[in-house]
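If you check Swiss-Prot, you get these features:
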- 5-238: domain 'PABS' (DOMAIN)
- 33, 108, 140, 141, 165: S-methyl-5'-thioadenosine binding site (BINDING)
- 64, 88, 158, 159, 160, 161: spermidine binding site (BINDING)
- 158: active site, proton acceptor (ACT_SITE)
């Protein structure tokens with residue numbers, strides 16, 4: 001791709017977004033996907049896979065703070081964390097901020113993504129790949145959760161959209177495997193798209209997860225990069241109390257963890273579980 005051109009996202013057929021490409025840092029098709037990292041004056045470094053924006057330097061903190069601190073602080077004493085995907089390292093960066101976590105395992109299908117991001121998105125991973133608690137496994141996520149002998153307190157599925165390599169991370173086989181290696185009282189969370197535009201994806205995840213977990217729901221965050229604005233995250237556990245903890249409990253845990261965030265705070269934590277009526281109606285109708 002030439003510099004000083006427009007890059008168009010291909011996620012939706014009838015509408016979408018574009019970015020001015022100021023400088024192409026890397027563009028290559030790996031064994032699994034078409035990866036590009038380029039610079040944009042407004043959003044900094046942008047990474048896209050198969051024509052779909054995955055992350056930008058400017059607003060990645062919103063996504064990664066909400067995907068990590070919500071389940072980890074709701075759990076309260078997570079020792080072992082599993083990240084599925086997350087090759088850019090930003091999810092790992094946020095998990096490493098929790099000093100009580102003892103082991104962090106990341107399963108990434110494409111070793112190339114990890115090496116590219118270490119070089120081209122250093123602000124995302126911020127040295128977290130060198131954390132002594134971290135183990136990288138190059139494997140398919142579905143295979144890992146169905147074969148591993150390890151168990152985890154929190155599982156974070158930092159998946160792409162349900163197309164291409166990411167499609168398997170929205171299947172019953174994956175959700176069943178996650179339940180299999182989740183400790184009692186553990187929490188599973190996953191990226192679930194922009195619900196206003198991808199509602200079927202959320203409904204499908206809810207239906208499948210409900211076969212394996214007694215408490216299944218969603219929480220949300222406003223992330224500008226993802227077209228449509230409001231990103232939905234799947235939430236699944238067998239402890240329904242964890243979704244309804246008091247603000248005092250979350251505040252105490254937040255303070256004890258010594259976290260200083262740019263988006264997440266205890267009030268946002270509670271508010272994130274308030275869902276729009278159209279989603280409530282759709283869930284009730286299925």
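For all residues, glycine too, the Cβ spot is worked out from N, Cα and C.
For the pair residue 160 (spermidine binding site) and residue 141 (S-methyl-5'-thioadenosine binding site), the Cα-Cα distance reads 12 Å. In the three-state DSSP reading, residue 108 (S-methyl-5'-thioadenosine binding site) counts as strand. Here residue 64 (spermidine binding site) comes close to 90, 91, 93, 94: these same-chain residues lie at least six apart in sequence, with C-beta atoms under 8 angstroms from its C-beta.
Comparing Cβ neighbour counts within 10 Å across the binding-site residues 108, 140, 158, the minimum falls on 140. According to DSSP, residue 158 (spermidine binding site) is assigned to a strand segment. The Cβ of residue 88 (spermidine binding site) has 26 neighbouring Cβ atoms from other residues within 10 Å, across all protein chains displayed. Residue density at residue 159 (spermidine binding site): 21 other Cβ atoms are found within 10 A of its Cβ, drawing on all protein chains shown. Between the alpha carbons (Cα) of residue 140 (S-methyl-5'-thioadenosine binding site) and residue 159 (spermidine binding site) lies a span of roughly 12 Å. Taking CA atoms as the reference points, residue 108 (S-methyl-5'-thioadenosine binding site) and residue 88 (spermidine binding site) are 10 Å apart. The Cβ of residue 141 (S-methyl-5'-thioadenosine binding site) lies under 8 Å from the Cβ of 84, 85, 107, 109, 157, 159, 168, 169, 174, each on the same chain and at least six residues away in sequence. Residue density at residue 33 (S-methyl-5'-thioadenosine binding site): 20 other Cβ atoms are found within 10 A of its Cβ, drawing on all protein chains shown.
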